[in-house]
Amino acid sequence: MSTRAKYESGLDKFNRVSNTTNVVFHIIFILLALVCLVPVIVVLSISFSSEDSIRNTGYHLIPTALSGESYHFIAQQGRMISRALGVSVLVTVVGTVLGILLTTSMGYVISRPNYKLKGLLTWIVFIPMVFNGGLVSSYYINSNLLGLKDTVWALILPLAVSSFNVIICKTFFRSTIPDGLIESAEIDGAAQLRIFFSIILPISLPLIATIGLFLCFSYWNDWFQSMLYINDQNLYSLQALLNSLMSNVDAMAKNASTMGISYATLVATMPKESARMAVAIIIVVPVAAAYPFFQKYFISGLTVGAVKG
Amino acid sequence: MDSKSERKRLRTRWRTQDTELSLLALPTTIWYVLFCFLPMFGLIIAFKDFKIYGGFLSNVIHSDWSGFKNFEFLFKSNDAWVVIRNTLGYNFIFILLGILVPVTLALMVGQLHSRKAGKVYQTMMFLPYFLSWVVVSAVIWAFLSFDKGIANQFLADLGHDPINWYMEEKYWPYFLVFMNLWKGLGYGMVVYLATITGIDNTYYEAAVIDGASKWQQTKFITLPLMKMVIVMMFILSVGRIFYTDFGLFFQVPRDSNSLFNVTTTVDVLVYKQLKTATVGMASASAFVQSVLGCVTILIANWVVRKVDPDSAMM
């Protein structure tokens, strides 16, 4: 045992790339990692720069004059921002829960080999993967026929299910849940709804975590649905707010009157440039803090995804 | 053994179990009908002289048929060709680099002496994947803005004139290719690294005993064993060749009109036509995209089935 371990580590050592190559690789990866991190650092440093310094000398990698005025402003009068944060959190939570329920239930149903409508439902899930109605007709159906325009449901419903996730669920249920378990529950007289909610879901936590995380990130990061369906500024999510701040520097100031703050005070006091980046930070920080912890779930999810197109 | 007739009986008779399962699937089925199948019928708009007034259904019913007029207009405009060239051109480069770079980096990260460092680099390089395009667009603005941007300050320090980045077409193909690579790098590395770590170690032990160098091991063991996944990823991305990442082409260039020729892809065109209320043309573009997309996906799937039957969708 120990000799084998020693042999293997010896082989490992012997088979390593040379020290020079190792150092070169490290340098390359450090540079690449920096390229991926710098954007967030830039946003962070701009959000902490004083408005005057940005106006005079522009954006900087390292702030020339530190200031917390943008955050101070947000904490004091950012009613719009707290509202947008509320919308983002609501959409993410409701969307993720709804998405998990809709996705796993369908995945479970089409994973049951004896179910009569299995073929039909599998086609219903499968066809949209290949063919879709396109943006234009989806837009008109959602906004005119279903009346989702300017409702929070426009942000939640269209993203709730993806056929890809349903198929991941189906594969998971098929391969990890023994038929005997379901059969014995059936013999005990449990209805399918009960089996699904009190037996299947509790033992499928890894699956729920994977799907839930995918949904969570896509809801939190979504801006496209807002751009299409939301005109009412009270329903702006953080992404939509940042989007409108980016395209229109004065968006926040313009809306000041509707937010109950006097227009003049706001224009005079608002740190526009740094406030933008502060909103970006409010968006990025939860994501950047969360994803390293869930990376292993993502990795297993992505790997399943890559193998099972 | 009458299991055959038993199975047949099970197959033909509707049981309470089937009712319960149907009930369980009902909400999702309704979702599919509303959000996937209704829009498919909405494609009719492409063949109608659609006007926006009143309710949607009455519009669809009362609008006059226009046959292929919308398509004629679409293909007579110069936009159509620019847009198709952009979509296919960018996708071609994205597919090529999207395989080459992550595979190379995955091979490299596996060779680092310290596994822990490799994990740290990987985590850092995964970050852009989780940023939304709106945030990315804000970051790019910090670099490229004309009067305050970091890039122009840098140019000024070197004694050059500032460049109005959002007006200059020639730089954007490079920016867009770079941004696409930057955002997808972490994802790609994970996929390929998962394959590399799945390779049986004894291959390498045997190779070492035969005196194979690191380069020879990569060339004769790792790459051939990765071929399957690489081919799969290639075919999957070919299947999506008429679709592009809307955020990359719309948010990052900030919808700048002077960049139209180099940043407009099918998705962006459809959105712009939709918003400027040229609904007929927009739905014609979307229709062309859907149909071509469907065809390429089916072809890609057919090829996958030839290469590796288990990985095919159908």
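Cβ coordinates are placed from backbone N, Cα and C, and glycine is handled just like the others.
The feature domain 'ABC transmembrane type-1' is assigned by TrEMBL to A:85-294.
Long-range neighbours of the transmembrane segment (A:23-48) within the same chain, counting only residues 6 or more positions beyond its ends whose Cβ lies under 8 Å from a Cβ of the stretch, are 17, 54, 59-63, 66-68, 70-71, 273-274, 277-278, 280-281, 284, 288. Annotation source TrEMBL lists transmembrane segment at A:23-48 (among others).
If you look up TrEMBL, you'll see A:85-108 (among others) marked as transmembrane segment.
Sequence-distant contacts of the transmembrane segment (A:120-141), counting only residues of its own chain at least 6 positions beyond either end whose CB sits under 8 Å from a CB of the stretch, comprise 106, 109-110, 158, 163-164, 166-167, 228. Residues or ranges marked as transmembrane segment by TrEMBL: A:120-141 (among others).
If you look up TrEMBL, you'll see A:153-173 (among others) marked as transmembrane segment. Residues 87, 91, 94-95, 98-99, 102-104, 106-108, 110-111, 125-126, 128-129, 138, 142-143, 200, 204, 207, 210-211, 214-215, 218-219, 222, 225-226, 228-230, 235, 237, 301, 304-305, 308 of the same chain, all 6+ positions outside the transmembrane segment (A:153-173), place their C-beta atoms under 8 angstroms from a C-beta of that stretch.
Residues or ranges marked as transmembrane segment in TrEMBL: A:193-220 (among others).
Annotation source TrEMBL lists transmembrane segment at A:275-294 (among others).
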